[in-house]
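These come from TrEMBL:
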- 16-37: transmembrane segment (TRANSMEM)
- 185-206: transmembrane segment (TRANSMEM)
- 207-259: domain 'HAMP' (DOMAIN)
- 287-500: domain 'Histidine kinase' (DOMAIN)
Amino acid sequence: MLSLLYNSTRLGRRLAGIYLVVAALFLGVASVVYVEIAGMRTDADRFLEEGRERVIVARIRSEVDSLSAILKGHIDGEMPAQVQVRYRFLCEEATRDLKTFLEQDDDPSRPDHQSDEEQVAKELLADLATLAAAVGPYARPTTDYDLLTLLDDVTERTTLLTEETLEEAAHAEENLEHRARTTMVVLAWTVSLALTLLLGSVYLVYRTVVQPLVELRISAEKFGEGQLDHRVQVKNHDEIGVLAGAMNSMASSLSNTQRQLETEIEDRTQEFVRAARMADLGVFAAGVAHEINTPLGSILSSAEGLERRVRKGDACEATQLDYLQVICGEATRARDIINRLLALSRQEASDAQWITVDHLFQQVQKSTAHALRSRKIELVTENDDPRLALEGNLGELVQIFVNLVLNARDATPDGGRIELTAEGAVGRVHFRVIDRGRGMEPEVSEQIFTPFYTTKAPGEGTGLGLALVSALTASRNGHIRVESALGKGTTFTLDFPKQFTPVT
């Protein structure tokens with residue numbers, strides 16, 4: 001890639017030079033850092049190894065102190081058999097620990113330190129052998145004074161081993177700190193040089209790339225405004241200069257083809273008008289399918305339930321009549337929905353009547369029972385005054401609240417709860433549809449009533465349900481708003497003109 005840049009243009013050669021310097025810099029830094037990190041790892045291993053050795057030496061020192069206490073306690077008398085057993089056991093343990101100390105083949109410490117440690121350890125091993133041979137049935141003749149002197153030598157050698165390990169650990173720690181400081185200095189210089197090179201490359205790119213591109217952008221804007229007689233000034237014969245020449249050629253070609261396009265636009269316009277009409281037909285069909293899906297679902301559920309009962313032979317006349325009433329009612333509602341959609345598309349007003357809130361809630365519960373039962377979701381209705389009534393078309397109002405309840409169902413987990421409440425106010429009646437589902441983000445709430453806006457996967461929603469709810473609410477002098485928070489649920493609030501009607 002560097003060879004391509006170098007052989008291409010003057011700009012390419014400059015960039016290639018910067019890249020080579022940066023590559024050489026980072027290669028050198030990587031080499032230094034690698035060496036220092038390898039040394040830090042070795043020093044860390046040395047430090048850990050010396051810590052392990054100090055543990056072994058401390059254990060040997062403890063065993064030697066126990067031997068010294070036994071000998072000093074029986075210096076003037078014969079040592080009992082049990083004490084002899086204890087004495088020999090301590091000698092064996094100290095000897096075993098010392099051999100473990102000597103058997104470390106992968107010791108990362110310095111060679112001179114290893115040599116000093118090995119010499120002291122071997123002398124200590126010989127002293128322990130002498131101490132072990134001085135007690136027991138085959139003990140060699142020796143005086144108590146010689147044993148105590150030997151114990152002093154053993155103690156002194158364990159002290160030497162401890163000092164050796166501490167000295168080597170201190171040396172390893174000092175090396176670690178030195179290498180860490182060296183690495184930090186190298187990295188600091190690297191960052192400084194990298195920033196310098198970065199500023200230099202930014203300046204180079206600005207002078208040779210950004211400024212010419214700004215001129216190209218200005219020329220492109222003029223081309224876009226229709227000034228096809230404008231031409232870009234070619235200052236350099238690099239890639240941007242080639243691009244400027246190509247833009248000039250493009251302007252000439254656009255000037256020639258513009259006249260051809262103008263003649264074709266008129267023909268294409270007629271085709272677009274016909275396509276738009278077909279698109280409107282598709283949108284209307286999608287709206288009808290969305291709205292009648294709920295009553296059709298209720299009809300299908302009731303028909304299937306009636307079929308099962310007839311097959312089982314437990315469908316009495318009253319049960320059959322109940323199912324048929326539901327089927328007829330939902331079929332009528334589907335017909336009314338289609339009529340209302342047609343009226344809405346023609347901006348026609350539907351018939352209005354006074355409807356009690358309790359009756360409205362009963363119709364909504366019937367229309368949504370199947371959809372909620374399959375998810376084990378409970379619809380709870382609450383009306384603070386049984387006399388509340390409002391003026392409107394029953395089918396439209398049922399359609400409004402069915403859409404809102406089904407929208408709440410989609411956001412509610414299985415086994416959840418949806419609340420539908422009504423509350424009287426001065427001249428108005430307020431409705432609320434409340435769910436405790438996943439909620440919506442603010443940007444979703446702002447667009448929720450926009451036609452064709454949906455957060456569902458493709459094929460699962462048309463984005464017309466809530467748009468139709470908003471349109472139907474406004475057609476009856478009503479208002480609707482939504483409040484939602486992620487993780488807390490959603491509340492749709494509607495208010496309509498109210499009327500008190502006597503309870504019968």
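Glycine is treated like the rest: Cβ placed from N, Cα and C.
Quick caveat, the model's predicted, so the values are computed rather than measured.
On the 0 to 100 pLDDT scale, the domain 'HAMP' (207-259) averages 76 in the predicted structure. Note on the transmembrane segment (16-37): residues 2, 5-6, 179, 182-183, 186-187, 190, 193-194, 197, 200-201, 204 of its chain, located 6 or more positions outside it, place their CB under 8 angstroms from a CB of the stretch. Residues 14-15, 18, 21-22, 25-26, 29, 32-33, 36 of the same chain lie 6 or more positions beyond the ends of the transmembrane segment (185-206) yet place their CB under 8 Å from a CB of it.
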